[in-house]
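Undergrad: Please see the structure below; I have some questions.
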Amino acid sequence: MSALNDKSVDNGRIARRFAALKAEGRAGLVTFITAGDPDLETCRAVLHGLPAAGADLIELGLPFSDPMADGPAIQAASLRALHAGTTARKTLDLVRGFRETDADTPVILMGYYNPIHAYGVDRFLADAIEAGVDGLIVVDLPPEEDEELCIPALKAGVNFIRLATPTTDDKRLPAVLQNTSGFVYYVSIAGITGAASADNAAVGAAVERLKRHTDLPVAVGFGIKTPEQAAEVARVADAAVVGSAIVTRLAGGLDADGKARPGLAEDVLGFVRELAGGVRGAAF
């Protein structure tokens, strides 16, 4: 773990949540939604309902017009959110509103560097902390560019969560992990989000390999679509991450004009409850 990890990172909501999960003897469920998808009101309803539905940590996508690492489902969600007028500032407003009723559930912003750079790194970090953001996943900033955002984030007390993939070999892994904090996000399939699910034995072996290099929790995502798949991952990892399947469920509740049908938020939260049931029913 990096010397940059100060107390505000090490003892923050993410660390406390994983410690609580470990004490309960179970893995966590990490849910992803895109901020402002399909509109701010519906997104707000889903966001506020996620903890009660069983989400242990929340990833909130920062909409961007060119989400190159994402598959069609999350690309479409990002475009819907942008069309609805969602900005980085409004994304932080969503987190701020969430914190009025939930002081404990970790919120991680996930996205690309461009909107953060346009906002201004120092101002973004200050506003993110004030809003109640716990961590960042910025998929297009490799370790070689840590000075851009990763190191300022850690110094400010914001976790910087890095992705590891099946192609991250033992030579590359120390660089990936050096300034990572909060948890490691293992992408179980090399490619875009929402692709086919990975072989669980391979995922288990990959988690074991990561654990040899870091004491941080390991969350596994990409390709988890069902409660059964979430349960399989929960047996070998510290958390299962579900994103595209939730976003796809949300998209299925839109009318021909792309507007939310009545009951959409409740339907999405019902699906999250099913996923949480899978995760919580899995034994280590």
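Placement of Cβ uses the backbone N, Cα and C atoms for every residue, glycine included.
So Swiss-Prot lists these for the protein:
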| type | residues | note |
| --- | --- | --- |
| ACT_SITE | GLU59 | active site, proton acceptor |
| ACT_SITE | ASP70 | active site, proton acceptor |
Undergrad: As a test of the contact definition, list every same-chain residue at least 6 positions from GLU59 (active site, proton acceptor) whose Cβ is closer than 8 Å to its Cβ.
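TA: Listed in sequence order: VAL30, THR31, PHE32, ILE33, ILE108, LEU109, MET110, ILE137, VAL241, GLY243.
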Undergrad: Does DSSP put GLU59 (active site, proton acceptor) in a helix, in a strand, or in coil?
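TA: In three-state terms, GLU59 (active site, proton acceptor) counts as strand.
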Undergrad: For ASP70 (active site, proton acceptor), list the number of other Cβ atoms lying within 10 Å of its Cβ atom.
TA: 25
Undergrad: Let me know the DSSP-derived helix, strand or coil state of ASP70 (active site, proton acceptor), please.
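TA: Looking at the DSSP assignment, ASP70 (active site, proton acceptor) belongs to neither helix nor strand, so coil.
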